[in-house]
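Note sheet for the following structure.
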């Protein structure tokens, strides 16, 4: 009877039942408590009344069987700001996730609930929590392009270069979906335009493929600025060819490139593409700056990006980590001019962290 009253907004009848001993923490067959039912159906006054009951507080973490939502998540989805505030005030946990591991903050962000997002952040909600797809609230917001929420998340310390399970950053998603203001905001906050997703596509490539011309121009300018800074730093380095520790920005060849029936070695130019190399060692110069982008050691793949001075071709290559405890990473193959180029180019890593083997997808 209590569930029927809650689902239909019969507040006076519900109060009478509680006076005569009805328990407010009971659940129906779908796992829904009276508080969940009243919140889901938009009966705000009833929900606020139920929150005050001692029995109800025991059911704050009860979940709806369909989505696994707590009442706080439901209130965030339904834009019930006062109910969200009352729940938190009476002890509801802000970072509990549903079946998709989405918290009230993630759900509020996804549905564009600006006031609720502010309440949750001010109540200590974790802006770094990821859902089942590896999306943080910032990544979910990038899909919608709500700059007010984006500013709140960035102010709270969200990682602008965090990637989801597909390797997508907030910048990639915002560029892909044509959110111009969001793209500019993310760039201003330090988002890296050269990062690729796990198919090798940058924010620039995705924006271009979808015809977002203004975003393309912004990303090109941002990348040119970043490249210019790298080149200036490179000019200050010594041109000495003495042995130096190999870092994430240097490459060495452990094999060669097969082109036009002959095999020649690649050697990395340490200053710029005009540096001389020993005779017989190279037929393809690698332009500086070489961009070695380690997306995440926890992820399954990483992108090594570099420019090849052969008809000014530019390509992306995905590497597969060779094994746990390995000190280097190997690029398997690179395709240029529709001709398969087999190579073993090892990128040394400063860190001896563990890497899991990755099967080719």
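One is the number of the first residue shown, and numbering goes on along the chain from there.
Glycine is no exception: its Cβ is also placed from the backbone N, Cα and C atoms.
Residues or ranges marked as compositional bias 'Basic and acidic residues' in TrEMBL: 227-244.
Taken from TrEMBL, the feature compositional bias 'Low complexity' applies to 249-262.
Annotation source TrEMBL lists region 'Disordered' at 227-280.
Feature annotation from TrEMBL assigns repeat 'ANK' to 67-99 (among others). Averaged across the repeat 'ANK' (67-99), pLDDT in this predicted model comes to 94.
Under the heading repeat 'ANK', TrEMBL lists 100-132 (among others).
Residues of the same chain lying 6 or more positions beyond the ends of the repeat 'ANK' (133-165) and with a Cβ under 8 Å from any Cβ of it are 100, 105-106, 109-110, 112, 114, 117-118, 121, 127, 171, 173-174, 177-179, 181-182, 185-186, 189-192, 195, 197, 295-296, 299. According to TrEMBL, the feature repeat 'ANK' maps to 133-165 (among others).
Positions annotated as repeat 'ANK' by TrEMBL: 166-198 (among others).
Each residue in the repeat 'ANK' (199-231) gets a DSSP state, and the totals come to 26 helix, 1 strand, 6 coil. Taken from TrEMBL, the feature repeat 'ANK' applies to 199-231 (among others).
Broken down with DSSP, the repeat 'ANK' (100-132) shows 16 helix, 0 strand, 17 coil. Proximity of distant same-chain residues to the repeat 'ANK' (67-99), defined by a Cβ-Cβ separation under 8 Å and at least 6 residues beyond the stretch ends, is recorded for 33, 35-36, 39-40, 42, 44, 47-48, 51-52, 57, 59-61, 105-108, 111, 113, 115-116, 119-120, 123-126, 129, 131-132. Across the repeat 'ANK' (166-198), DSSP assigns 16 helix, 1 strand, 16 coil.
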